[in-house]
């Protein structure tokens, strides 16, 4: 579809296809769809199992349920639209739909980062202050943390689409991903984007960056407490309760950092790298998180096996 060089009040964008493999996109969408279905089934199973098992009604598994719900929402906000493009050729996405999808991706990512920080604090309190754990992280406290995480994501990232709303977009408006991200859309504007650049970077640093620092700090305190134990067997037993959470943190932050690096420094990289990194960022945490906790938690593993 040709684009004129004049700005339009409501422009549309073209989602990125898989370079050199446009004819095979309908087949390449099958593993993407399979990963999405697996993410939906696995996260849905975690939600059902935690609800059905009274022994799992603890802060850690309440936060895990929040994580599963966020992953479901994040994958559903992106993957069905990508599949409609790959299977039915619906490549064009409207300006409003693109801004909404962009907001959901960034806001939900911020909420997930906050929940991961809350899970790290839960592990710190459980290991370093076990007698006060139930009082500090009660059911009401975990619910308030969940609402705070949601409010934090919305308030910090709602300005992103609002800053892009008045900007003109000229020329070919082809995205570098199969969905809409802030920096990707912002780079297509033919106007001064300095306020959007500054605010986007500030929001990322104050949310994901600060959360990453605090998660590292909590694990340094946990490690300090674990090293005080006399026996190596006790140290390993205590620290093993953190392994699942550490894996989940890596599954979230490694694709996030990789995607950020590709955006900041990968302008000369092949377009395929951008498409693949975007899909990894959306789907890897959603698929891996329930599998990691399912493998590490006997109650979840047994109940899922019984359901199967």
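Backbone N, Cα and C atoms are what each Cβ position is placed from, and that goes for glycine too.
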Check: Ranges 133-158, 159-184: which does TrEMBL label transmembrane segment?
Finding: 133-158
Notebook entry, point to check: Taking residues 6+ outside the transmembrane segment (197-222), which of them lie with a CB under 8 Å of any CB in it?
Noted result: 106, 109-110, 113-114, 116-117, 120-121, 123-124, 127-128, 152-153, 156-157, 159-160, 163, 182-183, 186, 239, 242, 246, 249, 253, 256, 260
Checklist line | Chain residues in Cβ proximity to the transmembrane segment (243-266) (below 8 Å; excluding those fewer than six residues from its ends, i.e. six or more beyond) | finding: 67, 109, 112-113, 116, 119-120, 123, 181, 183-184, 204, 208, 212, 215, 219, 273-274, 277-278, 280-281, 284-285, 288-289, 292-293, 296-297
